[in-house]
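Per TrEMBL, the features are as follows:
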- 75-109: repeat 'PPR' (REPEAT)
- 137-171: repeat 'PPR' (REPEAT)
- 238-268: repeat 'PPR' (REPEAT)
- 269-303: repeat 'PPR' (REPEAT)
- 318-352: repeat 'PPR' (REPEAT)
- 533-625: domain 'DYW' (DOMAIN)
Amino acid sequence: MLGKNGDRDNYTYPILVQACAIRASEFEGKQMHNHILKFGFGLDVYVQNTLINMYSVCENMRDARNVFDEMPVLDSVAWNSILAGYVRVGDVEQAKCIFGRMPERNTIASNSMIVLFGKRGCVGEAWRLFQELPQKDMVSWSALISCLEKNEMYEEALAVFVKMFANGIMVDEVVVVSVLSACATLSAAHTGKLIHGLVVKIGIESYVNLQNAFIHMYSSCGEIMAAHKLFNEAFNLDQISWNSMISGYLKCGLVEPAKTLFDSMPEKDVVSWSAMISGYAQHDRFSETLALFQEMQLCGIRPDETTLRFSRRRQKKGVSTWNALILGLAMNGLVEKSLEMFSEMKTCGVTPNEITFMGVIGACRHMGLVDEGRRHFDSMMQEHKIEPNVKHYGCMVDLLGRAGMLKEAEDLIESMPMTPDVATWGALLGACKKHGDHDRGERIGRKLIELDPNHDGFHVLLSNIVASKGDWNGVHEIRGIMMQHGVIKTPGCSMIEADGVVHEFLAGDKKHPRMKEIEVMLDEMAQKLKMEGYAPDTNEVSFDIDEEEKETALFRHSEKLAIAFGLIATSPPSPIRIIKNLRICNDCHMAAKFVSKAFGRDIVLRDRHRFHHFKQGSCSCNDYW
């Protein structure tokens, strides 16, 4: 239009300024303002009102006020626009000043003030202004109800809503959302259902924000099937709908349906991840909590303060939060800090539960603190009157076994007041393998494959123990039993994220598209590591092959493939982050320490038991895992 030298008038610029306001484009709005002044439309009331609105929307109240103060004639639109601006930025004093100067206080202005008072917690002033209003419209009632709901006066909000409906005032989705929030907080399911009927009657039930509010209300009141039905029958679903349903399942203790829905989401945002992580933590499923948090990071989702439950504000920490913190610190090698948190928890007056002692004894297990573990195990029964369950005994067996106290560990199993589960015997079997007690290990291993003939891990451990004795006939026998029962060894698998893509490596893998580069890096790793003093631990290979073949097999473990890929695909100073599905073997653990020193790269590896932080030749686990 300008290029063709077209005519412009006082109708042209308001449209353009309004476009800037809709986009919140203050820079372009100022350009339009300069045009307006240049071409002589600066004193037009219509133009000036749109400028006040534009600057207010952009929260630039200084320029909005300058335009307002320069207006030769102030109409009701100008007064309402400048007042709305101060309400938007929450400036109570200036809003009161403008409201007090208004020659005519209309309903629109009063509604704006009620909204502002609600934002600032001035409920008494909002209520008084509402009472003084000669004409109350739907917005007036909605503003007061929203004010009461935001200031936690939920019963009063419901009472005003009932009065509003009784006075024949039409309701809209905005006021219904506020009222449903009050119902959710009060667990007023019956009232919520009545409101649902009203919404269907007036025909606004398809609004997606209303559907989300109903899902939240029903699930908060424990009416999860109603929420589920509404979710399945909804016409429109957005991200909030999915997140609300997941949160609803978790509030009702239905963790598995929540995870199923989470996995089927078309798109997950930080709220989705946070809800699921928080749900796991609140239901004391801490391994899943940490695993999902790691997965979230690998997917490139940046956590927010909601995701991190580890606030230092003591008064907001429930027992689940303390439990997550105790276990999380221990799993990352910060055992002393973990036990400090347990002491601080008791100092804060939070009563530990069964899960707490799993975390505390587990922390002792991660560092071999046998005496301290015994003390906590005894205090659980004597001081806190908590009867240990099979998992507590299993944790103690693991603690003793890791420390090499194999006879005491077996005696503890035999003295358990309940039947020991296979996991408890499995912990002792792993300890026998670690400490070279082949006879005890073979005896326990053969008992375990009778108890659980389909467990691949027990067969593999027993096979390794028998191989350590040089009994290759015994190894062939065990592998024959595995074939007879159709037991397949779970292959070692390591995952690493690079440039937003998760790469997966299996032991001996040769299928990766960058395999040639990985092979070159493996050779470089082998040379550098040997120069640093690394010698392969061929005891980890339970095959009757020569030493050179054993070394080659060791260097094809999935962890080493992932580390080699990490060295070529990621750049320092970012750490190489890997997830392993099985326990990291001794040789890979040793190799990772040497790599962290030789290449100057931090490596964070999470195996099935804990996190290992490798840095400058050492690991956070202090070689005790």
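Glycine is treated like the rest: Cβ placed from N, Cα and C.
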Can you break down the repeat 'PPR' (75-109) into helix, strand and coil residue counts using DSSP? 27 helix, 0 strand, 8 coil
Of 75-109, 269-303, 318-352, whichever stretch has the most CB pairs under 8 A to the repeat 'PPR' (137-171): 75-109
Need one number: mean pLDDT over the repeat 'PPR' (75-109). 89
How does the repeat 'PPR' (137-171) divide up by DSSP, counting helix, then strand, then coil residues? 26 helix, 0 strand, 9 coil
